[in-house]
Amino acid sequence: MSEKKRLHLIIADAELETVPEQILDHPAIVNYAKRRKRKPEKIILDSTYHHAALKQLEDGERRGRPDIVHICLLNALDSILNKEDRLRVYVHTRNDYVIYIKPETRLPRNYNRFIGLMESLFEKGAVPEDLELLRLERKTLQELINEINPDAVFVMHEEGELMIPKNFGKLLDKFKKPAVIIGGFPHGDFRSRVEGVKISLYKEPLMAWTIVNEVIVSYEWEVIKKFSTKFI
């Protein structure tokens, strides 16, 4: 049986990480960990609570943004494309971890519960351990792309070729296994070496979750109108 046509969406260089060793003793980290009754090294770095500590880190102004991953995943997993089994989503982090996400996964809407889930994932390597709806592996972005083995790679980039979303959907539809890479950081450029056709969907920079929505919806109609009977 031939493989089903799917979009492979990668949130790359995501600012999702546990607290780095060099700031474990910072008061902002220690106090937050005490309130949560967790060890400092087990908590997820979050600029909302750890802003003072981030000033001591390289790239501190862009780090500690698990909220970006949270919103992107909520939107992607609840999309029609995912419900029709035409989407696979991955998260690649700044420290070269990859989160594999089963399409049936339903993430917590509540942000604090999501943070708790991510902390469990980084500690255990899979959650829940018996089902592995989320699985964490050490892997570079390029290793992930090689593993997916797409027939086309597109990188969403503000310096890319300007293309309206509808036309980008038509372009994606020309391939059976396209991969789209979206930066999971608030500003700046990719840290990882990223190869692919650079595409921009708007004349101004957009947040990652907006790009996720535009990419999915642009591809959604092109694919679903051909394969689904639910909309006829």
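Each position is counted from 1, following the chain as shown.
Note: Cβ is positioned from N, Cα and C throughout, glycine not excepted.
Worth saying up front: this structure is predicted, and the values here are computed from it rather than measured.
Some features that Swiss-Prot has for this protein:
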- G183, G188, L201, Y202, K203, E204, P205, L206: S-adenosyl-L-methionine binding site (BINDING)
- R65: site 'Interaction with substrate rRNA' (SITE)
- D67: site 'Stabilizes Arg-65' (SITE)
- R106: site 'Interaction with substrate rRNA' (SITE)
- R109: site 'Interaction with substrate rRNA' (SITE)
- R113: site 'Interaction with substrate rRNA' (SITE)
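Features as recorded by Swiss-Prot, highlighted on the structure.
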residue	record	DSSP class
D67	site 'Stabilizes Arg-65'	helix
R106	site 'Interaction with substrate rRNA'	coil
G188	S-adenosyl-L-methionine binding site	coil
L201	S-adenosyl-L-methionine binding site	coil
L206	S-adenosyl-L-methionine binding site	coil
- Hey, how far is R113 (site 'Interaction with substrate rRNA') from P205 (S-adenosyl-L-methionine binding site), Cα to Cα, in Å? 29
- Going by C-beta under 8 A and a gap of 6 or more residues, the same-chain neighbours of E204 (S-adenosyl-L-methionine binding site) are E158
- Given K203 (S-adenosyl-L-methionine binding site) and R106 (site 'Interaction with substrate rRNA'), what distance in Å do their CA atoms have, once rounded to a whole number? 33
- Item | Y202 (S-adenosyl-L-methionine binding site) to D67 (site 'Stabilizes Arg-65') - Cα separation in whole Å | 23
- Item | Between G183 (S-adenosyl-L-methionine binding site) and D67 (site 'Stabilizes Arg-65'): CA-CA distance (Å) | 13
- Query: Near the Cβ of R109 (site 'Interaction with substrate rRNA'), how many other Cβ atoms are there if near means within 10 Å?
  - Reply: 10
- Ranking the recorded sites R65, R106, R113 by other Cβ atoms within 10 Å, which is at the bottom? R106
- When distances run from the Cα of G188 (S-adenosyl-L-methionine binding site) to each of the recorded sites R65, R106, R109, the nearest one: R65
- Query: When you measure from the Cβ of G183 (S-adenosyl-L-methionine binding site), how many other Cβ atoms are you left with inside 10 Å?
  - Reply: 26
- Query: When the Cα of L201 (S-adenosyl-L-methionine binding site) is compared with the Cα of each of the recorded sites R65, R106, R109, which one is closest?
  - Reply: R65
